[in-house]
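Notes follow once the structure below has been shown.
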Amino acid sequence: MARAPNKHGRDQALDFQGFLSDLQDWELSLKDKDKKMRPQDSHQEKLKTRDLGTSSGNYDYSRNLDSINTMSSSFTSEDSLPDAASEKELGNEYFKQKKFKEAIDCYSRSIALSPSAVAYANRAMAYIKIKSFREAEDDCTEALNLDDRYIKAYSRRATARKELGKLKESIEDAEFALRLEPQNQEIKKQYTEAKSLYEKTILQKTSGARKNSVQEMQKVGKLDTKGNEYFKQKKFKEAIDCYSRSIALSPSAVAYANRAMAYIKIKSFREAEDDCTEALNLDDRYIKAYSRRATARKELGKLKESIEDAEFALRLEPQNQEIKKQYTEAKSLYEKTILQKTSGARKNSVQEMQKVGKLDTKVNGQSIQPVSSSAQITEMTAVQDHTKRNNTTRKQEVKASVQELASRAASRVKAVAAEKITPPNSAYQFEVSWRGLAGDNAGQTSLLKAISPSALPQIFKNALTVPILLDIIKCVATFFIEEIDLAVNYLENLTRVPRFDTLIMFLSSSDNADLVKIWDEVFDNEATPIEYAEKLDNLHTKYCPKR
């Protein structure tokens, strides 16, 4: 094997080149002296000079200068150019002798002199042999940066990555190498091994996850069962503790609803209400959660909200006698409370009017003295008329004042409510909030706009009702002209709610007529921009299929 010249050899080459340079200078000075000393007409001297160039004892340096320079250049270039290749060859020799660190040194010098894909890939193989897989992966990547179709680099990187646990990437490398060389049996074997190992690892992880999941669910099941046993024994605090641990491991609507029932038993109604809300966030059609929250809210004095919960539960299960009874009791209590408040207000009003009547027996600060005969009757009639007029005027003033205050209070409440609107997470939450803003178009619009159009199918799922659907369409119509893009987005996403087609199909004739009228007057208006016309035509067939 050829070995690159050592340092001593390179020094000799430099000395020889220096010698040639000195020789050239000497030749030029010799020619200059010859011109001065030689007679110009001496024919013999010319012959001697001519003979000097051809005699065996002397050398014509001028004639051979080019060949000397060529030889010098060739010698010096041969000394430097083969260096990277020779280092690589020496590295290969060390690799065969299993001297991998020495091989790495040689490949490194070769790369430093002239980087090549082969040198990087060879060094990567040496790194693999000493289990330096990270360095091997990096070297293969460098090789592929220089030659992205170098199969050995893909194969060796696949090996390194497999050892690093990057099984998916290892498979990809082997797969790509096979595309370049489909019949390469070694790479086929490498691909099969990497894929098999990857599938085995996935299976182990899945089995481990399933095992942990099964163990966890078994633990949750035991806690729920134990909580139920404590509940039956009327050990409600112990039951709450079991349900809490179950929720910590795996939150579920059932566990939250069960804990809520235990809270109700120890009269912790606020906690019970919160737990039922959490249960409904997980399952917005869980009837027991609605029923138990109705109970908690009734005890908290939230009678209107209690009625709404019971009413919604009845929609889901109309024949449930227990919920029917709960709904009737809550409604009866609510009406009784309203009646008591009204009666109290009337009683206060009567007492106030009686007081006003007594005060009216004085006119301009003077007591009215009784008189006899017709004068008494006339005067009494005048006083009565005066009193009636005063009473009527004061009643009107009080009524106007109360109405103004009520109007201001309502406006203030609506303004505060609009500021505090939070996007609902379920159909129930939306319906409760929507009803709370009944008659307040601005508030309902704010509530709707607080919801992303794309979230409508997820919020309503299978719980959308005809009244709510029509209300939303009417609400969208109010801002259609100003915000047409947003309005069309709401209309499109409403059609993606699971029950939409069914609701439209079974609209009453009056509801259908209302919907058609809204569509013709608002959505199908001539002023609608042309870019939305096609979308609205498509939506028209979904909203008004009966026309």
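Glycine is treated like the rest: Cβ placed from N, Cα and C.
What TrEMBL records for 31-55 is region 'Disordered'.
Annotated compositional bias 'Basic and acidic residues' per TrEMBL: 31-51, in sequence order.
Taken from TrEMBL, the feature repeat 'TPR' applies to 84-117 (among others).
Secondary structure of the repeat 'TPR' (151-184), assigned with DSSP and counted as helix (H, G, I), strand (E, B) and coil, comes to 27 helix, 0 strand, 7 coil. The repeat 'TPR' annotation in TrEMBL covers 151-184 (among others).
According to TrEMBL, the repeat 'TPR' annotation covers 220-253 (among others). The repeat 'TPR' (220-253) scores a mean pLDDT of 89 in the predicted structure.
Break the repeat 'TPR' (287-320) down by DSSP state and the numbers are 27 helix, 0 strand, 7 coil. According to TrEMBL, the feature repeat 'TPR' maps to 287-320 (among others).
According to TrEMBL, the feature domain 'RNA-polymerase II-associated protein 3-like C-terminal' maps to 423-511. In the domain 'RNA-polymerase II-associated protein 3-like C-terminal' (423-511), helix, strand and coil residues by DSSP number 60 helix, 0 strand, 29 coil.
Here the repeat 'TPR' (220-253) has, by DSSP, the following mix of helix, strand and coil residues: 28 helix, 0 strand, 6 coil. Secondary structure by DSSP for the repeat 'TPR' (84-117): 28 helix, 0 strand, 6 coil.
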